[in-house]
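Asker: My questions will all concern the structure given below.
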């Protein structure tokens, strides 16, 4: 079943810069999809258009049979509660504890007063603890977020998204600031979320090898256009070249290695 | 090419220095300031101060009076700063690009804050003298307006610097405006804001002394009274009291800052 459909989406910043032009793709329920492409290709813009952190200029975005682009403020908030988002720089409130940051995922479902005062029920707190322990953060529940390492912060980011009980997760460069070990832990968790919980995962990535290893499908973007859309097995040297431009010689060797293994 | 670059840079700094010298010399010529005479009079000023300007045994009789007007000044400064901070917080949230409701209210609150900031506290005191006459109320409002303008600016920068990421994350969960402000913006920026408030209290105590001269209230007025009536011993006791209290308050606020940051 199709969960997300992106049809003819364009985004223009000002008069000159076209960040996205006529982007089309769809994502099925439970699928793990990576978006790869050079810096400035429009990956982040595309991801943010889906939950309307940025408003697209043209086209339609259908999520769960609703056209996201036509939603009013209240409906948009409803849709956002069903979409978790994690960020390259984790975007936690550094001075608050791990569990408070996790519970922030529930703010979308709260009334103004309950949200402002941070009133959470016992079940919500228990659920937060449960999610944190599946992510291996039992010992850090009451620590302040700024005392954690990068990998641990990103796991808190995942916990904040998971407590929303989302249909889909948008991950904007989740491992770009992490060392290889932490990056692997994060990617394994994301893959696991998709496989065991059936949550659709859409990830922006810089690392081609990671994208090929973890994804059901890869979407390649260059200059705001989709230039590849297929399974990791189908990707060829030419495709990589088309996504990254002519200087991709070094990358090609890596791709060969991945296919061989 | 490279040699050119460095030569040009050297030429620029030389040019800048030349302009600075020209302005200084120009100013000296226009104001007919005699540099030699200016420096010659310094030793004489010091000798006079050592001969006349020191507290004596008799001046201590006035110490309770001095202390009570000092306390008045301190309290007025603290009250003006804290009330100014409350208003500044509201205007900063409205004016910050991260948290503003819309561009229109954003620019309005920034314009108001800029207006209040760019009128000096002493100028405010002179303006307000017409409305409130010579009373501590005039001083209070002058300090209040000045602190409000400055703190709004400082708070806007704190909010933009500290909470951009987490505001984005909470918006993506569908959280409402009040939740975002109270769960992300305020917890992230409170320590830095408190630090600005402490700085403002220190500055205001210094300005309050000067403003007291204009408004005829507080410690500034006490100083003026004794100085004009040639009671230099008491006037110098006032100065000593002010210096001691400023040092004391500065060390207190440094301690508080160390604890909260």
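Any Cβ shown, glycine's included, is placed from N, Cα and C.
Quantities reported herein were computed from a predicted structural model and do not represent experimental measurements.
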Asker: If you look at how TrEMBL annotates this chain, which of B:74-94, B:95-115, B:116-136 comes out as transmembrane segment?
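Answerer: When B:74-94, B:95-115, B:116-136 are checked in TrEMBL, transmembrane segment belongs to B:74-94.
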Asker: Match it up for me: which of B:165-187, B:234-256 does TrEMBL list as transmembrane segment?
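Answerer: In TrEMBL, residues B:234-256 carry the label transmembrane segment.
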Asker: If we skip the immediate neighbours and take only residues 6+ beyond the ends of the transmembrane segment (B:207-227), which ones have a Cβ under 8 Å from one of its Cβ atoms?
Answerer: 62, 65-66, 69-70, 72-74, 76-77, 121-122, 125-126, 129, 134-136, 138-139, 142-143, 146, 234-235, 238-239, 241-242
